[in-house]
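Single-structure report; data block below.
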Amino acid sequence: MEPWLYVLLSSPLCLTATFFNIVFSFCLMRPVAGVMLRNPLRFLLIVVLFNSTFQQLVNVLTIVMLLFDAPFWLQTLTRALIYQFFCANFSCNAWISIFYYISIVPQQHPIFIWIKRNMNAILYIGFILNQTVLLISLSMGAVILESDLYLFHVANFTYLLYCTCPLFTLLFSWGKTFVYLREHMKKMGQSGESFSQPQQKSQMRVTVTGMVQAALFLPSSLWTIAVAFLYITDLFEMVDPNRFVTMTFCSMSSLGNLLCFGFSQSVFRHGIVSVINKLKRHK
C-alpha cells in the first residue's frame with residue numbers, strides 16, 4: 001500500500017473513531033437517568049475506549065511520521081503499540097461475550113455454574129493475565145526483532161495464540177447465546193407469549209451486535225494470524241513492508257467495534273439521544 005493511500009484511508013477512520021470515543025466517554029462519565037451500568041461490564045467498556053483512544057493517537061503519529069524520515073525504532077514502537085491497543089480490545093470483546101453468555105444462557109454444567117458465581121474475580125484475573133501475555137509478546141518481539149531470531153519466533157507464536165483464542169471465544173459464546181435466544185423465542189411463540197419485554201429485546205440486540213462485532217473482527221483477526229505466520233518467512237516484507245495494510249485493518253475494525261457498542265449498549269445509545277435532544281433544545 002502506498003503512503004498516500006494509507007493517509008487517505010486512515011485519516012477519516014481516525015477522526016470518526018476519535019469523535020465517538022469522546023462522545024462515548026462522556027456517556028460513561030455522565031449516564032442518563034435510569035441507565036445502570038455495573039462492573040465488570042463498565043470496567044471493560046472503559047478499557048475499550050481507553051485502548052481505542054490511544055490507538056487513534058498512535059495512528060495520527062504514524063501519519064505525521066510520513067512527513068520525515070522516522071528512525072527504525074520509532075516505526076517499530078508505533079506498530080507494536082497499534083497491535084497492543086487493537087488486540088487488547090479484541091480480548092475485551094471476548095470477555096464481554098463471555099460475560100453475556102454466562103448471564104443470559106442458563107448454565108447446567110458445574111464448571112459454568114462456578115464461573116457464573118465467581119464471574120467478577122475470574123474476569124479481572126483473566127483480563128490481567130492475557131493483557132500481560134500480550135504486552136510481553138509484543139515487547140519481546142519488538143526489542144529482539146534484529147537480535148535473536150529464535151526468541152522472536154517464540155514471541156510471534158505467543159502473539160499468534162493470543163489472537164486466535166479471542167476469535168474462537170467470540171464465535172462460540174455469541175453463537176451459543178444466539179441459538180439459546182432463538183429457541184427461547186420459538187417456545188414463547190408456540191405458547192402464545194410475546195417476546196417484547198425490554199430485557200429480552202436488549203439481550204437479543206446485544207447478541208446480534210456481538211455477532212456483528214465478531215464478523216467485523218474476523219477479517220482483521222485472520223489477517224493478523226496470517227501476519228504472524230508470514231513473519232516466520234520473508235514473505236511478509238513483500239506483502240506489507242510498511243505495515244500500512246495491517247494498520248488500516250486495525251483502524252477499520254476499531255471503528256466498527258465502536259459503532260457496534262454504540263448500538264448495543266444502552267448507556268451509549270441513550271446518551272447519544274440525550275445529547276441530540278439537548279442540542280435541539282438549545283437551537
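Cβ coordinates come from backbone N, Cα and C, glycine included.
Straight from TrEMBL, the features:
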type: TRANSMEM; residues: 6-29; note: transmembrane segment
type: TRANSMEM; residues: 41-68; note: transmembrane segment
type: TRANSMEM; residues: 80-102; note: transmembrane segment
type: TRANSMEM; residues: 122-145; note: transmembrane segment
type: TRANSMEM; residues: 157-181; note: transmembrane segment
type: TRANSMEM; residues: 206-232; note: transmembrane segment
type: TRANSMEM; residues: 244-263; note: transmembrane segment
| message | Cβ pairs under 8 Å only, please: of the recorded stretches 6-29, 41-68, 80-102, 157-181, which one is richest in them relative to the transmembrane segment (244-263)? | response | 6-29
| query | Same chain, outside the transmembrane segment (6-29) by at least 6, Cβ under 8 Å from its Cβ: which residues? | reply | 37, 42, 45-46, 49, 52-53, 55-56, 59-60, 62-63, 66, 242, 244, 247-248, 251-252, 254-255, 258-259, 261-262, 267-268, 270-272, 275
